[in-house]
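Chemist: What follows is a single structure, and I will ask about it in a moment.
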Amino acid sequence: MKFFAAAALFIAGVLAAPSPNAANSVTPLCNPGLYSNAQCCAVDVLGVADLNCATPPGVVNNAAEFQAACAKIGQEARCCVLPVLGQDVLCETPLGL
């Protein structure tokens with residue numbers, strides 16, 4: 001009987017502990033798939049083309065940091081399909097914004 005109680009307490013403690021990956025998990029900035037390129041763009045033309053785009057400066061871990069990093073350089077956070085020489089094709093708003 002004591003063994004069962006001790007085992008139940010041990011198992012309950014293990015299950016209640018947070019997993020080590022939960023604290024370090026990073027939410028994706030953009031949808032996986034087509035719109036997977038995080039970009040800071042100056043001009044959006046109806047979501048079809050974005051002009052003067054570049055990768056976000058520094059390290060960004062979530063949508064709020066992505067938006068703040070782009071705003072700091074006077075640009076807008078976007079997720080695009082095809083970045084080519086600062087012009088991006090088919091862009092959308094990042095996840096979480």
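Cβ coordinates are placed from backbone N, Cα and C, and glycine is handled just like the others.
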Chemist: Among C79, C80, C91, which cysteine does Swiss-Prot link to C30 through a disulfide?
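Modeler: So the cysteine that Swiss-Prot bonds to C30 would be C79.
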Chemist: Go through the disulfide-bonded residues C40, C70, C79 and tell me which ones have a CA within 10 A of the CA of C91 (disulfide bond).
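Modeler: C79, listed in sequence order.
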Chemist: Please identify, among the disulfide-bonded residues C30, C53, C79, C80, the one with the smallest Cα-Cα distance to C40 (disulfide bond).
Modeler: C53
Chemist: Cα-Cα separation of C41 (disulfide bond) and C79 (disulfide bond), in Å?
Modeler: 10
Chemist: What Cα-Cα separation, expressed in whole Å, is found between C53 (disulfide bond) and C30 (disulfide bond)?
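Modeler: Rounded to the nearest whole number, the Cα-Cα distance is 16 Å.
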Chemist: By a simple count, how many Cβ atoms lie within 10 Å of the Cβ of C30 (disulfide bond), its own Cβ left out?
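Modeler: By my count, 22.
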